[in-house]
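Input: a single structure, listed below in structure tokens.
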């Protein structure tokens, strides 16, 4: 975990991926730093301090989700994104709001499990190599077939067999040492062997996914899992592939799942972040039965946000110290349309601004994962070096901004559409082009995009 970052350092890290939106970055940076501060307090005071939940308000495509996602990734905290519109009131068919907490715990378990696997990786690989040696050179017990029970009982021919057994053991030991040496040198990587692996079975949980009955599926699966033995099947694989499978199996045996569960539940409770998107879609004044149902979802979310215990397959999980970040465009409604109790649970309000053409220019070139860097790297795999002139980048940004103004404003996501259309022909013909370097000029951008951008009816369908 990396909770030691100062708010300024967190903002600097977020700047590497997200352009603008300083207020939102500052809000999440302070929220993260407060978690670090809280961890330093004495226990009785620490229990009294709950995180201040954040409500992000802004149009689509301005970075609401990205800010929260990058924030969680930065500190390695369990993070999930859910959509408020996917939930239904308790008693109706669909997902209940408690499933977001169960999903968070599942994410936390996966993170902790991956960390534990890395810790035991060397030992797991060592044991996997021993299993490979055993498969390639079986021990005498496995090689020998039927033994005369009378001979075993009365020790007949015991003396005469001892010498031959000792010689056989020596020969096998030499073979095993030779195979170990070859495995270490990587000389047997392509050798095909037959191994037994644990069969992956489709779970009850998978069948009930999205029906609102996931918890029942998980409980049923656990009950069956403790009774039914695990199935194995034989597979023919190269030594290289077999080592990966066997290493994974050995790692799963080496890690203590009780320890994983305990740490995962702790992280979910103390460090977990739940991002609730589209919260504006469940806001609104009561006017019909649909709105009543939306208010019901808000009332179901309320106890989760203010702190309650949720039953999961890993035990009861407290939601008191989970950080909730809600977001919405609030085009058709406003934050005050949420029920007052829920409004009070999101004391930090942050408004994200619309993106300008200048912001689009920065988005195209400045972030570590900038779009132009992505497309340049993709086409470089075909042996083509692509260069965008500054004027061409400005032209792309202006066209994307103008299309947003003329049609629906989808923020930075418009750049993906524009870039795909711009490089469509080039991407299609890349494997056949003999030129080593191609420069994208404003004229090329104009030729590919300007006509479509100017025609409002066409741009609605293409851009």
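Note: Cβ is positioned from N, Cα and C throughout, glycine not excepted.
As recorded in Swiss-Prot:
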- 19, 61, 62, 63, 64, 65, 66, 277, 341, 413: ATP binding site (BINDING)
- 156-165: compositional bias 'Polar residues' (COMPBIAS)
- 154-175: region 'Disordered' (REGION)
Among 66, 341 [binding-site residues], residue with fewest other Cβ within 10 Å: 341
These are the binding-site residues: 19, 62. Which one scores highest on other Cβ atoms within 10 Å? 62
In the chain carrying residue 64 (ATP binding site), residues 6 or more apart in sequence that have Cβ under 8 angstroms from it: 24, 56, 58, 277, 327, 352
In three-state DSSP terms, the structure that residue 19 (ATP binding site) belongs to: coil
